[in-house]
Amino acid sequence: MNKINFEKLKIRLLSLLIPIFCFLLILCTVKLWPFGEQTIVSLDLDSQYISFFSYLKEIIRDPTTLFYSFSKTLGGDMIGLVSYYLMSPFNLIALFFSTSNLPIALTLIIILKIGSAGYTFNLFLKNNGYTSLIFSTSYALMAFVIANYSNVIWLDGIILLPLIAMGIEKIIIGKSPAFYIFSLSASIFTNYYIGYMLCIFSVIYFFYCFYFKEETRSLRSSKVFINFCFASIISGGLAAVLLIPVKYSLETTKGLFDLSSIQWQANLMLKDLFSKLILGSYNFNEAMSGKPNIYCSYIGLLSFVFYFLNKRIDKKEKTGCFLILLLFLVSFIFEPINLIWHGFSKPNWFPYRYSFIFTFFVLLIGHKGLNITLEGNNKRIVLLSAGMLSLFILIGYMGNFSYLNIYKFLVSLIFISFIILYLLKNMKVKGTLLVVLVLELTVNGYFSLKEIPHLSLNEYKTYVDKVEPIIKSIRKKDSGFYRFEKTFQRTQNDPMLLNYSGLSHNSSAEAPFVRSYLYSQLGLCTEDNWTYYNSGTTYANDSLLGIKYILTEQKISKGYTALNTYGDSTLYLNDFTLPFGFLTSGPVHLYYPVDFSWLSNQNNIWKVLSNNENLEIMKSLEFSIIKNDIIQNGDYFNYTVNGEDPFLEYQFAMPKKGPVFIYLTSNDERKVKLFINDEYLCDYFTYGQHQMIRLGEYEKDEIVTLKLKLEEEQLDIQSVNLFYQDMDVFEEAFTSLINNNTLMIENKKNGYIAGHIEVKEPSNLILQIPYDQNWRFYVDG
């Protein structure tokens, strides 16, 4: 008995350690930390999660930040973000690492999650031999995991999926539903999005066991069905503690489902799916808009075919498995069913996020298929399965997909051939097959990740070590309410990474109306789910939005006081920052902004705030085209390249000293380079660079030259909008607001602000926070 327990313990331990060892081999081959200077951090892990994990430390330090944060654009609800990104218990590991060492913490978290996935699948298989290790390792390092480990928040669902299946089987055989309730509730708590998919899975798997699975269908009864239903309801009820506030949070961040937006057509063809059976069938474009990641080792895929070809396996059970397979094929191919899996919302990047459930069924079925085929010594099935799988791979390769090449195809065939020859010779699973599996999964990981960009540990640390001390020094000297921004960034989530109140943010939990206000009405940069300060905005916007401190490599003069220089960057204090709360007698209820009328919107805002209809802070500049190496085609400045170095050259004279700004509009954005007085400024019409930008400050009567250099064959410009800010008029408007009483803040936390203000006449109190129906205002207690 002791020997059996020891063997079981050994297998369980190996199921945890082998996937970890294999993944470390992948990191070694791709030269990622700790085997290289690049880190495992890439894609969304780089642009989002690492910053949120840093902010998790702030939540632990100050629990009020769990509900509201000013590090999220103008300020916003945090329940939706925390519940989606930060509920995994593995995240607590990040608390033991400094901000500059978070890439190392994330590496450790991912490694442990991958090992845990192998362990739970092995536990589910209830097998103490090498066969279970082969399938648990295949599960832990399936293509979905390799392609999506950067979405570290989804990996908990992969760990819990086998436990949910175990819990369902316990219910069917008459045991307590507690295990199922715990597992399903945990999947919803750790990530409600993947938890939703696992709720669908639990229904599918229950009916498979209830009606089709040979070992359990004889136990079906109304009592079992009722127990499952009640257990599922209890799981949802336990998760309601999280789901109810999340529901209210998502109402402001997610659009309503629009039936008319569904594409009633096929997403892909069978050859597309077959191509994903080849080693390394993944690249950067596949992350954006690819196909289901369904590879899970060739021994697993061959065994899946064994199952359906073996006549010793119960026909009714095969029918159930075939129906599940058909359901997933329909889900992959037919867009409306695909959307149901995704909660009726089309994914932005990383499509087919439920494909790991398909892989679970493939390996579950394959485990049984391999055992029964080897027991029957059926070499004919082995050969026939090899031929079928090779044919599928050939069809996929013939599709000429960008992520495939002849080397991946040939290496795939070599691995299949070796496995078949080994099985034909031995007809049993031994350690050699496990070694081959580790090698195969390592090759797949190498092929898949070698072309994906990864974060440099040294560059990341250099950036954090430069900016973080500056923010901390400001916080020590200034305990009031203010916003800090930079004209350079690591990602749009720097405010959460470095814990400061800023305008930049990127997450699927951001309120669209806030993004719309900042971009459509004020001209700041937004794209998809993110907003960021980029190269700055008008001084009037800085004042209105409470940007008190700016760290920039640009030179700023009037209205900003240089506090300190840090290398090539200077920290400025904005002398015209409006306070968090101030009074105005202007008719603010009559202000209706017009989308993309950035110049007039800013003027109108200040007219209303200062109650001065004649006020004009932002003024248009007259300009002329003095050189044009581009052929103009019709209206709207539609140009075609004419020459080797084509550019448009504009010139304008400053009517008054002040800062100058520009924005271009186009129906067909093509990249251009902007030069000011022959000095390169920035690119325009690129991803994240099509907003209002600063051109610099110039003296009265100074002649300024602006060049637009084409980077592509054509350029379509609807309008060129040059304007400057009249600093004298702006100062007058600012002073009129400051002369009124302003809110004196006495206590400030995220989600709670207390202060006092003296109101001498009927006025409007303007606060620098976005509307949220959950704010409660108390006057005089």
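Just so it is clear, glycine is given a Cβ too, placed from its N, Cα and C backbone atoms.
Annotated features in TrEMBL:
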- 12-33: transmembrane segment (TRANSMEM)
- 78-97: transmembrane segment (TRANSMEM)
- 104-124: transmembrane segment (TRANSMEM)
- 154-173: transmembrane segment (TRANSMEM)
- 193-212: transmembrane segment (TRANSMEM)
- 224-246: transmembrane segment (TRANSMEM)
- 292-309: transmembrane segment (TRANSMEM)
- 321-344: transmembrane segment (TRANSMEM)
- 350-369: transmembrane segment (TRANSMEM)
- 381-400: transmembrane segment (TRANSMEM)
- 406-424: transmembrane segment (TRANSMEM)
- 431-449: transmembrane segment (TRANSMEM)
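Here the transmembrane segment (321-344) has long-range neighbours at 193, 196-197, 200, 204, 208, 212, 257, 262-269, 273, 291-292, 307-308, 352-355, 357-358, 361, 365, meaning same-chain residues at least 6 beyond its ends whose C-beta is under 8 angstroms from one of its own.
Outside the transmembrane segment (350-369), and at least 6 residues removed from its termini, the chain residues within Cβ reach (under 8 Å) are 44, 121, 125, 127, 131-132, 135, 138-139, 142-145, 147-148, 151, 154, 157-158, 161-162, 165, 193-194, 197-198, 200-201, 287, 289-294, 296, 299-308, 310, 313, 321, 324-325, 328, 331-332, 338, 341-342.
A contact links the transmembrane segment (78-97) to the transmembrane segment (224-246), because at least 3 Cβ pairs that are 6 or more residues apart lie under 8 A. Residues 270-278, 281, 298, 301-302, 305-306, 309-310, 373, 409, 412-413, 416-417, 420, 423-424 of the same chain lie 6+ residues outside the transmembrane segment (381-400) yet bring a C-beta within less than 8 angstroms of a C-beta in it. Stretch with the most C-beta contacts under 8 angstroms to the transmembrane segment (292-309), considering only 12-33, 104-124, 154-173, 431-449: 431-449. Listed stretches 104-124, 406-424, 431-449 were compared with the transmembrane segment (154-173); the greatest number of C-beta pairs under 8 angstroms is found for 104-124.
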